[in-house]
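Notes for the one structure printed next.
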């Protein structure tokens with residue numbers, strides 16, 4: 001009865017957890033209720049371009065500035081690292097109040113420098129990114145009968161050697177009536193407690209609206225600069241403005257000012273709050289080819305299953321035949337047969353550069369753990385596109401926390417290779433804490449100098465550099481040292497066989513072993529190359545990536561295939577009496593990074609044809625190099641740990657003298 005009572009409590013607890021998750025809208029902030037006439041503020045993000053991949057501040061161009069001055073909005077660490085600079089803007093709306101011909105400002109006469117930079121930004125196809133109630137502005141265009149969706153709008157357009165700026169914006173704000181019954185199911189507690197309906201108040205509540213869409217139509221309209229001299233911001237423009245996106249009318253010339261205006265219209269739509277991001281997640285070109293991915297996963301799983309079955313049957317047959325013989329027959333078999341049984345006295349001989357191997361495995365555990373946990377949380381909705389910057393922030397957080405695992409694995413492996421000697425574990429832990437972060441710091445600093453030289457907002461500010469260094473040395477390093485201490489105190493793994501004093505000579509091979517190691521990376525690459533295309537498109541083409549559930553499946557499959565490939569290759573090397581399997585098992589699966597880097601170069605040549613300038617190409621290759629180093633450490637760690645387990649299991653199953 002007591003156990004049944006305990007079971008009931010557990011069921012109730014799980015139900016409450018699920019109910020709390022169901023009752024709280026995971027992807028993004030809570031619904032904000034606006035009454036008719038309430039002010040709505042539009043924010044601006046960095047100017048972006050897929051031609052240069054270098055973001056710039058919105059106010060680096062001669063745009064109108066807000067009356068209260070330019071102010072930075074609250075940003076998290078991830079936003080800053082991604083190059084986002086969210087600031088206030090002069091655009092002001094009133095909820096459900098349509099307005100037209102609103103004068104914003106008249107700029108000073110364009111100088112030669114301003115004209116030059118405007119032309120450059122137009123040539124490089126820079127987009128202006130506006131945000132309302134955490135929703136990016138979306139733009140619709142039609143091409144060959146298809147409706148295309150874009151985030152943001154271009155700075156301007158070039159027509160027959162003349163440059164035109166989009167100086168009039170037509171906003172269409174989609175709203176939905178605030179339904180308390182539905183909001184209660186979407187909401188949680190805390191900051192949003194005021195929007196949860198209470199008994200007896202529903203009839204007296206003032207009707208309100210929620211923003212569920214934000215559309216923009218940019219137009220180039222010729223304004224009369226003389227008629228706006230005495231106008232103030234938000235005054236009515238003296239004449240009617242016709243916004244036709246198919247025509248242009250405002251050329252930019254040196255010595256002439258630019259007049260900016262806008263209009264806003266509100267439209268009620270039957271779009272629920274949780275579905276307001278659907279328009280962004282259905283962008284043309286970002287739809288995942290579900291059938292292709294499933295087909296790839298099924299083929300790879302089938303091939304990996306065949307390899308695993310054959311491999312297990314071969315090893316099991318060898319072990320069964322060997323154990324059925326008596327001791328004399330076993331001794332005779334050892335003398336007559338070749339294969340993995342002959343390297344029993346050398347298979348656990350310490351590899352060259354054993355400390356470096358331990359360090360790389362420790363860092364690989366940290367990176368792999370960070371990837372698994374981050375993608376899992378993203379698949380559950382905690383790191384959706386609505387929560388800008390949380391994905392990168394979460395990756396940093398989990399990476400630092402998992403420093404404990406990195407230190408533990410590295411030091412315990414180092415002690416195992418050293419047969420239990422724990423002296424020097426502090427040095428190993430320090431190098432684990434500094435190896436991969438040091439590589440990342442070197443690559444990112446080099447790229448940061450390029451961004452600083454270009455005055456891009458993608459450059460990491462000095463203040464953020466200091467914060468990252470403090471996080472590194474004040475959190476990540478101490479946690480890694482704690483993990484190393486735990487690894488030093490934990491018992492090392494005992495080898496099942498003794499190692500001979502004199503190493504056995506490795507017979508000459510028909511083919512170089514490194515050729516097999518390099519070729520082994522093709523199978524893991526086959527599991528992720530389709531998904532890799534969509535990830536690359538998300539990073540470099542400005543598309544929204546949101547299928548983290550599929551990414552998690554691909555990651556799990558990649559781990560399984562890396563383990564299987566490394567096991568097969570290790571077994572093949574042992575069968576030809578090559579007992580130097582340590583580094584080969586690491587690079588057998590880690591070599592997938594080579595194919596990913598080659599794919600990145602292919603993507604640069606054939607998919608990013610418009611990428612302009614050596615600086616942009618250097619940035620792309622630098623970030624790709626950073627990515628493949630992390631992938632090599634993670635996949636190599638999977639291969640090494642699985643091979644280590646296999647070799648330990650194999651030689652502990654057969655007692656050899």
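Glycine too: its Cβ is placed from the backbone N, Cα and C atoms.
For 1-23, the entry in TrEMBL reads signal peptide.
Positions annotated as transmembrane segment by TrEMBL: 290-312 (among others).
As annotated by TrEMBL, transmembrane segment applies to 356-383 (among others).
Below 8 angstroms of C-beta separation, residues 75-82, 84, 358-359, 361-363, 365-367, 369-370, 373-374, 377-378, 382-383, 422, 425, 428-429, 432-433, 471, 475-477, 479-488, 490 of the same chain, each at least six residues beyond the ends of the transmembrane segment (389-411), sit close to that stretch. Sequence annotations record features per position, and here TrEMBL assigns transmembrane segment to 389-411 (among others).
The transmembrane segment annotation in TrEMBL covers 432-452 (among others).
Annotation source TrEMBL lists transmembrane segment at 464-488 (among others). Residues 77, 80-81, 396, 399-401, 403-412, 414-415, 422, 425-426, 428-430, 432-434, 437 of the same chain sit 6 or more residues outside the transmembrane segment (464-488) yet have a Cβ under 8 Å from a Cβ within it.
The annotation transmembrane segment is assigned in TrEMBL to 514-540 (among others).
Only residues 6 or more beyond the boundaries of the transmembrane segment (546-569), in the same chain, are considered here, and those with a CB under 8 A from a CB of the stretch are 281, 288, 290, 293, 297, 300-301, 304, 307-308, 311, 368, 371-372, 375-376, 378-379, 383-385, 516-517, 520-521, 523-524, 527-528, 531, 534-535, 584-586, 588-589, 592, 635, 638-640, 642-643, 646. Marked as transmembrane segment by TrEMBL: 546-569 (among others).
Taken from TrEMBL, the feature transmembrane segment applies to 581-605 (among others). Sequence-distant contacts of the transmembrane segment (581-605), counting only residues of its own chain at least 6 positions beyond either end whose CB sits under 8 Å from a CB of the stretch, comprise 347, 351-354, 357, 360-361, 513, 516-522, 524-525, 529, 532-533, 536, 540, 562-563, 565-566, 569-570, 573-574, 611, 617, 620-621, 624-625, 627-629, 631-633, 635-640, 642-644, 647.
According to TrEMBL, the feature transmembrane segment maps to 625-651 (among others). Cβ atoms under 8 Å from those of the transmembrane segment (625-651) belong to residues 315, 319, 340, 344, 347-348, 357, 360-361, 363-365, 367-368, 371, 436, 439-440, 443-444, 493, 495-497, 524, 558-559, 562-567, 570-571, 574, 581-582, 585-594, 596-597, 600 of the same chain, restricted to positions at least 6 beyond its ends.
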